[in-house]
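Chemist: Before I ask anything, here is the structure I am working with.
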Amino acid sequence: MRVSFTKMHGLGNDFIMLDARAESLPPMTAATARALADRKTGIGCDQVILLEPSDSADFRMRIFNADGGEVEACGNASRAVALLHGEAANVETSGGVIAIAPASGGARVDMGVPRFDWEAIPLAYAMDTLSLPVGWGELEAPAAVNVGNPHVVFFVDDADAVPLDTMGPGIETDPLFPERINVNIASLTGDDALKLHVWERGVGLTRACGTGACATAIAAMRRGLTGRKVAVTLPGGTLQIEWDADDHIIMTGPAAESFRGTFDWGDYS
């Protein structure tokens, strides 16, 4: 079966977009997602995004990481979907329904309300998620938040100085996090401005992570480090994050189409 795809990215976090809203595709498996995402033998991406019909929203977005695992949310992919769809829409995800819309220079996404209770992260046992009483070497007392998917956020003096490539895997897979965890290292760079590096669950180091930017901004706001509108700069660029009066997280930032093509599904199944 010959299948069309669109390659897109949000601040360098890149996606293979597959649209099954009008015409069904074969079932997506972990093996197929891994094969498509492979940068040497496949098309190559951080996530495979599958758009499907939905009974509860305008359509459904499914997200498969490069390791083949299906995850709940992806902020950068949500902006890419907004650009691809071309108009405002409510989108069903495994993490809940989000609202997307094209915006000047990219897209705007209402990521919904963050969750802070330890069961929602989830953690293996009860802890204060504003400051977990745990540490990994020089990294201590992170905040934890679920913004559709689970994150821990460490605030340090210099985010660039932390060897996240070596520390990330151990934190991601720590038994404290039964569903694994996304790891964020952040430092304040000015009034309502943060620098961020992210080890993404199932992906590794990434140039940008939209949900990571949301989680980090919310953690900074909860700790009184910033106001309720924050600029978060990642290696791939900057996102604007707002925690609005209704406690919804609003993310605004760029997305772009890279190219389009086709592939034979059988080659990747």
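Even glycines carry a Cβ here, placed using N, Cα and C.
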Chemist: Say Swiss-Prot lists Asn13, Gln47, Gly75, Asn76, Asn149, Asn182, Glu200, Arg201, Gly210, Thr211 as binding substrate: which of Asn65, Asn90 is in the same site, per that record?
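Modeler: The candidate from Asn65, Asn90 that Swiss-Prot ties to substrate along with Asn13, Gln47, Gly75, Asn76, Asn149, Asn182, Glu200, Arg201, Gly210, Thr211 is Asn65.
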Chemist: Measure from the Cβ of Asn65 (substrate binding site) and count the other Cβ atoms within 10 Å, all protein chains considered.
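Modeler: Cβ-Cβ neighbours of Asn65 (substrate binding site) within 10 Å number 22.
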Chemist: Given Cys209 (active site, proton acceptor) and Asn76 (substrate binding site), what distance in Å do their CA atoms have, once rounded to a whole number?
Modeler: 6
Chemist: Would you measure the largest Cα separation among Asn13, Gln47, Asn65, Gly75, Asn76, Asn149, Asn182, Glu200, Arg201, Gly210, Thr211 for the substrate site and round it to whole Å?
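Modeler: Greatest Cα-Cα span of the listed binding residues: 17 Å.
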